[in-house]
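Colleague: The structure that follows is given in the form of structure tokens.
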């Protein structure tokens, strides 16, 4: 099994990162380089978290080997006399000191996941420096490249370099000033390894600032989210609140897209086919939604020649700016549309749970059938009765138990963050667990304890990265709706947060020599980070006392101070004791009701259409068969030829007549507040509505005699 665990985890983590990225990114529409760079950044960060417990168990085994090699001294045969030793089991003992030490020290068992010497240092060096290259150089450049509106690779690279000139220049300025200070000061004689350690410490210090902020939020918010998740009524009210906010954003995105499409239309009509900038306009048109492309294609007149004397044509710089705005507007519009559909499904599900909680039959009944086809084997075991017991009875209690468990784990993390610097006595609970397991060399327990600890810490940090939203510039949206800029930015955050997160974990477990102040053999990861003794004010000051601020951040998160501050600044946040929250909740509730009525009308129309087809379609087939039975062969052949000749005409006329009759029988008032006038799929398919919300019976073919009225 030597090295097999490392290989298995490398493959497993790759598919895990690929699965999560597929949930947020769009492999078909986004650029391959964006997908590869983001996947590599996520993969390296997840790999560090999964491989670090193996490094800890291997280090503990190596410490055991070194301890036996030091304490068990060889026999010195140069001494002139020996001491008589009583026999043990009939055999005299030649080395009583060795026998005494072997009785005190337990035997070193090689762990099942032992990694041979020399592999882990090379592995950590490759992983760490690759992630640092991504986060500080490549990903910032790709962010600007992906967001650029240039029409060529050269133009995009030029724009990216200009935007990152200040970013890269800051690094060079700080590093150059530091080198000048070292060269001028005669008391400092730093080698290359020490400079490398200072650079790593500077990067980890920056990451530790952000790490404590995200960790303090996640330690409170994750248990609280599961506790509130057991309260379906609370979730329903919050969903109504989100619906009101999302509808505002959706309307804003639609209005912004309309404005951009109007600008594109003007530019497309202005720049004709023989204009040198026409290629840029065609590139912009390809980024527009298909319905707008068709409209602009119909209205475009390319028969006018290009006149060089006219100076009212937009410049290439203006087209680059327009291209960038169009990409952003289309992405935002598509994202809000998908999020609105997802939010509607969530609201309908929570309303179904609220209705079924008081059901006497104890069978879960859905208002609308699921949109996606369900697995037959799954539905065979997950019956409506089982679904009712899970959704209405077992799931709330499961969430409460999980919330309490996570809250206890968060309390242990907070306590250990405040006491991990104490080595005598050892107050960090994670260090106590690891040291107790180290005495018996229970490697399975050591690896599981390390993995659960660092996994919980990473969940608290990374989940906050997935939740936070910086206006509309950074936002990780599920269902493949995350743009390239946000994906690359998340990769940068992961690469910057993971190294200080791992160092913080090693400090909590006292596996870092700079924290425990012991001369034990360090882990391979700590050796790559270098000794922080070069910067004692960071090793003995900042790294020790700054994590204690997590207590203040946890208290602020528990009392929702950040939410209250954002609410005071005008950013609507869900707060139960706020009038604005109540107003938005009522507004969202009305929006969900309207969408529910719209969905019901659609399903009722489909049901009536199906019943009408089954009833009158069967009667027509039966009548045709009866007529064919009483016909002679000559008449039958003539009838078949006539039917074949008029099949298309019959379909066009009779189907339209049936649709009109059905529409007149089930006429409902138009919903002028809806997004479109074709709420019913029957209306959109059969063409019952004309533009402007008119029925087909009021079209020109039927109402031409009233044109003069």
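The count begins at 1 with the first shown residue.
Note: Cβ is positioned from N, Cα and C throughout, glycine not excepted.
Since this is a predicted model, take the numbers as computed values, not measurements.
According to TrEMBL:
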- 6-21: transmembrane segment (TRANSMEM)
- 33-52: transmembrane segment (TRANSMEM)
- 126-145: transmembrane segment (TRANSMEM)
- 165-184: transmembrane segment (TRANSMEM)
- 196-220: transmembrane segment (TRANSMEM)
- 243-270: coiled coil (COILED)
- 401-423: transmembrane segment (TRANSMEM)
- 443-465: transmembrane segment (TRANSMEM)
- 485-506: transmembrane segment (TRANSMEM)
- 542-561: transmembrane segment (TRANSMEM)
- 594-635: region 'Disordered' (REGION)
- 601-633: compositional bias 'Basic and acidic residues' (COMPBIAS)
- 665-709: region 'Disordered' (REGION)
- 698-709: compositional bias 'Polar residues' (COMPBIAS)
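Tell me about the setting of these features in this model.
Modeller: Sequence-distant contacts of the transmembrane segment (6-21) (same chain, six or more residues past either end, CB-CB distance under 8 Å): 35, 38-39, 42-43, 46-47, 50-51, 54, 113, 115, 119, 123, 487.
Note on the transmembrane segment (443-465): residues 49-50, 52-54, 56-57, 60-61, 109, 111-113, 211, 214-215, 217-219, 221-222, 409-410, 413, 430, 433-434, 437, 476, 490, 493-494, 497-498, 501-502, 504-505, 508-509 of its chain, located 6 or more positions outside it, place their CB under 8 angstroms from a CB of the stretch.
Residues 205, 208-209, 212-213, 215-217, 219-221, 224, 410, 413-414, 417-418, 420-421, 503-504, 507, 514-515, 532, 575 of the same chain lie 6+ residues outside the transmembrane segment (542-561) yet bring a C-beta within less than 8 angstroms of a C-beta in it.
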Colleague: Compare 33-52, 126-145, 196-220 by their Cβ pairs under 8 Å to the transmembrane segment (401-423) and return the stretch that comes out on top.
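Modeller: Looking at each of 33-52, 126-145, 196-220 in turn, the most contacts to the transmembrane segment (401-423) are made by 196-220.
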